[in-house]
């Protein structure tokens, strides 16, 4: 009876054991046929350059058979093809653990470690290859590079320690050539570039360094600060956001983020106001910019430049001249400031100075079309002012509106009307002045003629008329002279 029970229990236990094995096989992944299918598909997709799809199949192969060193090695090859060396390392290490004499994996891991700047670990891998294959040419070459890299790293750190940043940069050039995936070398060279006053090159080193470390918040913060100091506020904002993605509670990154975000918003808003021709509001916004960031010269310089521009657009010539001159002292080679100050001089009818500013701007940028056109116009206005300046004749500014022009005309026309004078000589002089006053009114109250005059062309000058040959000068703008014929009595109507 007892023996029967034991036999029954033994049979149940065997069945359970078999069931567990079958379940384990099911849960453990695919069959050998399926694994081989994944490997074959991975190989074909890798050859076709479809890396993401190939990686998916190698993932399945590894899950199906976690004891096969080749599946790890092949997946590592896909990671490397995708530029993900950090992801390839664990797979190569697993392949080596499963098969310590797998020289291809040893050599590949050594190459990655060398490029990452880990000279000691790389040397161990190359030496392991040479121990089993003493004549392995690539292993010999790579071991030699690892030893050279170690010496260069020491030399760079010694130069940096003694404050010789130029030498440090020169040595690190060779270091990074041998170990392009080493973030430490790039960060050290970036620090040297900052000390040498070349932040742009520092940015070029720190940008890849952010990807070479898993959590490189320090590099993202430094990148943001460098972009900020150069006035690249949008890039600065992007970099500091990357820092906060890694840790939203990072105090340094969050404090800098608030500053950059505030300033960037003000700058964007100011430029939007300018695009809408709301110049006074734009000036106020740029004044806020200077209060928000008084310590970085770029933003003060930028604000002064744009306020200068706005004042010229508002035709506040004297105020513009003061601000533009201050901005020019800050940035003597800024062609936009020179252009705007030249326009302020034109508003003040100081054409020689306008020509000088445009000529100076052209020296800094000879190919700038706007500067060339501005210089041409200023030279025409200067030439024109030496002949007949309708604004000066009426005594009005270049920004005077039509009503102001007519008012000035009426006053002067009444003053210089020939009927007001007795002697023939006085009448002749008054007639000449009266004709000039009337000509000035004709030009400055006609939008098309005024535009021509403002661009440096006198629309009443016979030389500028189509087909004009230049014989004599126009004496009366309305086509006749009412003063011809001796004794005249002319009643003037102030239209």
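For all residues, glycine too, the Cβ spot is worked out from N, Cα and C.
The structure displayed is predicted, hence computed values, not measured ones.
In TrEMBL, the region 'Disordered' annotation falls on 446-480 of the listed ranges 411-445, 446-480.
Residues 69, 73, 76, 80, 85, 88-89, 92-93, 95-96, 142-143, 145-147, 149-150, 153, 175, 178-182, 184-185 of the same chain lie 6+ residues outside the repeat 'TPR' (103-136) yet bring a C-beta within less than 8 angstroms of a C-beta in it. Residues in the repeat 'TPR' (103-136) partition by DSSP class (helix H, G, I; strand E, B; coil) as 27 helix, 0 strand, 7 coil.
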